[in-house]
Amino acid sequence: MLQQVNGHSSGSDAQGGKSLREDLQEFLGGEALLHELDDLTKVNPVTLETVLRCLQARYAADMFYTSAGCTLVALNPFKPVPQLYSPALMREYHAAPQPQKLRPHIFAVGEQTYRNVQSLIEPVNQSIIVSGESGAGKTWTSRCLMKFYAVVAASPTSLESHKIAERIEQRILNSNPVMEAFGNACTLRNNNSSRFGKFIQLQLNSAQQMTGAAVQTYLLEKTRVTCQASSERNFHIFYQICKGASVDERLQWHLPEGASFSWLPNPERTLEEDCFQVTREAMLHLGIDIPTQNNIFQVLAGLLHLGNIWFADSKDEAQSCQLMDDAKCSIRTSASLLQLPEDPLLETLQIRTIRAGRQQQVFQKPCSRAECDTRRDCLAKLVYARLFDWLVSVINSSICADPDSWTTFIGLLDVYGFESFPSNSLEQLCINYANEKLQQHFVAHYLRAQQEEYAVEGLDWSFVNYQDNQACLDLIEGSPISICSLINEECRLNRPSSAAQLQTRIESTLAGSPCLGHNKLSREPSFIVVHYAGPVQYHTAGLVEKNKDPVPPELTRLLQQSQDPLLKVLFPMDPEEKSQEEPSGQSRAPVLTVVSKFKASLEQLLQVLHSTTPHYIRCIKPNSQGQAHTFLQEEVLSQLEACGLVETIHISAAGFPIRIPHQNFVERYELLRRLCTRTSPGSHSPSPDEGHSEWSPHTKGATLQPLLQDILHTLPALTQAAATPGDPAEATPVPVHCGRTKVFMTDSMLELLECGRAQVLEQCACCIQGSWRRHRHRKQERQRQAATLIQAAIRSWLARKHIQRMHAAATAIKRTWQKWRIRMAFLASKELDGVQEKHVSQVPLPLGSLLLPQAQTSLLEAIIRLWPLGLVLANAAVGVRGFQRKLVVWACLQLPMGNPSSYAVQTAQEQAGVTSIRALPQGSIKFHCRKSPLPYADICPEPSLHSVTGFNQILLERHSLGHVSYSDLTRLSN
Ligand code: ADP
Ligand code: MG
């Protein structure tokens, strides 16, 4: 089972589950390659967990851009990465045949929009919506995109047009520091937080060269001029003039070194944005000359001094509040810097003018201290807001092209992201309302893109069940009754109403809305709106006042009296304007509230966006401390929620978040076919989406079709098996669709498939284990038998060898013995022949021609008996001579010892005793006692054979025969 975000399992299950999950993850996406996945929609399955892990892996690998379908997710590196924005890289993306095939990058988005414009395919105009939390990198991204277009949209053929394009580009780029100086401030979240929304329209001519641009701003946070949260700062420009002004300018603007201003908190913090010179140069490039600049800064200095005006409580309601002592100087300085008469200025702040009655009679009423402060703040806000708008108009006039000179545009929307603070008011309501609108636009676009993908895959699927944020929008802006209409009504009726009354009114009138909530624990009157990015509690106190944004007409009239050239421009004596300002007083004409103005401009913006092809860049801050190399999952997750990525994931989940190519699907789930054969042999249930699966025989996947169909046929059986008893599983369709190249399925189906796979694998494992055990047993048995056989064979071989050796030895002995016997016989006969020749004249018969008579046989036996005598004598120690020798010979010859004189034993040499032993022909042997055989007794039977010196020795040393090799024996025997 797939784990949910932050889901943990425990014990051994966790181990097993983990490895299974890793295996599945490897199959679906490959954990090791997670950082290489440059599209979040390709992570499998598309869940928050995998999306987060993918982003984290990429951030760790310094890959800050990731696609998410039609959105680009940009992680803030919080460190300089110059190579990521080099002109060379811009050109690379511009020159690439398919920039979307390169790594995801804002330049890829930029180039895509540019090519879309070039293609002239409707809608030709493009828009890039950059959103994200404060500090996430929206302004940075917009700036980089502008630089990109300045490079790529400036290749004109003629020198003249080249110069124009260059000038426009330079002006567009120069508008950034000016707008950031006047519209950005240091907040808790971002040192350079844009406190306004901005839509820049880059205008292109028919040759797609930039000819001009236009800037539209939304909802400047003008309250920041007079009121800053602790640890936050006012707009950068105030600090720039205080820190960067020259000595003369300081004198001129009454800004002495070290002067303190209540509207200038935390001046000691020096930021890189506090660069006065850069702002001045940019203004100069935009056509704002030095005197005008000085004029602007003088007015701003006047506002700073205005902030130091404090009133004391009046003792009497009829009396106006008096200035605090140290404020007297400030009002004088402020009046002189704003070129206003001092007394009317003070009077306007202290006294309210009321027109009443049919004749519009004028009444004057001293203000309370709080009212005086409000009027002072209102004056400053009014001046600053007009100044900002004027700057935007100046920028526009310097960069805007003649309407005839451009045909297409690329819009860049740098919009504030979804905001939720402990205390939220009208500003947050407007910002979140804008985000809801943009989210609806995004979801519509995303759904369209999703449906297109399904259509390409041949799937007929519509998100009819998907609920977008229309209910929330109805609550905020719906007709006839909504939060906006109720707040506007309060302004229109101009009736005194408390915050609690407004809360009750909202809750009672809009009680039916599913997106309206109430915090029972809250002590302050409030209501909760459940936005797509989460619930936000809005306090009703001051809501109506802020919505009215009342500008007392006497303040405008006062400013119109100013002699300052800039203020004269900002507050002209225009009868039209006069009539516009009047109604905010007591006139019954429709009130132009902040909400209604904002709503109108939002409608206008959305109209523009609807007429363009949108591209989305979601900037994400990996941590709120602005630290490089730190990725905090919780913070990223909340931003993914706020920028609607989570929503798109849910949309994706409403469809088929799992998409597996046919090949991979077959490879992994082919074994499920076994399950089918086992569970329902012969049954062939219909394919889950036979109606939808279409394959072209020419497609690569065509060969997979039979396998794929087989697997898909197993699915109904799988779902049936998984269904609880009594659950009509058959009624529910199998949530799998087979596209042209991919199989689409839900998470639950993937789980089922995995379960089925695990089941088959388990069965296979059991089968393999059984087979293996059987095989091992058989093998052991065979080995045992073979060992017995080998042992028997070796034993028999050894025995045979032994016998062969013994046999050879015996043969050798026998043969040698026979040889020796023949030779001895031959020698004896030779000896006898010599003697006979003297005594008997007889022709010797050939050997063997005569049979030995009985007497001769006994003689042969005597010879044999005498043989040891030869041996004894031959081996006798030296010195056996004389009588000893005779004794031996007698013993051997078995002669009677009685009368030694009757026998004369003589050796051959001595010519005494046995004289010869003769072998007669045909085996007959004659024994001649006169001749002794002794002279031959020591003759070796085989005198010349190698180391064997004599047969006697062979016999004596026969124990060593065992060591003689068979070959030796054969040689011996030969
Ligand atoms: P936002 O406009 O969303 O409030 P910014 O664009 O002002 O945020 O970015 C805040 C800060 O983050 C910048 O001042 C810059 O230091 C850093 N930053 C943002 N994007 C990048 C980037 N791509 N590379 C380096 N630093 C960046
Ligand atoms: Mg910004």
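Just so it is clear, glycine is given a Cβ too, placed from its N, Cα and C backbone atoms.
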**OP:** Please find, within the list 326-348, 418-440, 602-624, 947-969, the residue stretch that TrEMBL describes as region 'Actin-binding'.
**Re:** 602-624
Original post:
Tell me which residues of the chain lie with their Cβ under 8 angstroms from that of ALA136 (ATP binding site), as long as they are six or more apart in sequence?
Top reply: ALA74, ASN76, GLY417, CYS619, ILE620, LYS621, GLN639
Original post:
If you run through the region 'Actin-binding' (602-624) with DSSP, how many residues end up as helix, strand and coil?
Top reply: 9 helix, 8 strand, 6 coil
**OP:** Show, in sequence order, which residues other than GLY132, GLU133, SER134, GLY135, ALA136, GLY137, LYS138, THR139 on the same chain lie with their Cβ within 8 Å of the centre of the Cβ atoms of the ATP site.
**Re:** ASN76, TRP140, ASN190, SER193, GLY417, CYS619, LYS621
Original post:
DSSP on GLY137 (ATP binding site), three-state: which is it?
Top reply: coil
Subject >> Model confidence over the region 'Actin-binding' (602-624) (mean pLDDT, whole number) >> reply: 91
Original post:
Do you know which of the binding-site residues GLU133, GLY135, ALA136, GLY137, LYS138, THR139 end up with C-beta under 6 Å from ligand 2?
Top reply: LYS138, THR139
Original post:
So for SER134 (ATP binding site), how many other CB atoms are inside 10 Å of its CB?
Top reply: 20
**OP:** Please list, in sequence order, those binding-site residues from GLU133, SER134, GLY135, LYS138 with the Cβ less than 6 Å from ligand 1.
**Re:** SER134, GLY135, LYS138
Original post:
If you skip the near sequence neighbours and keep only those at least six away, which residues in the chain come within under 8 angstroms of GLY135 (ATP binding site), Cβ to Cβ?
Top reply: ASN76, THR187, ARG189, ASN190, ASN191, SER193, LYS621, SER624, GLY626
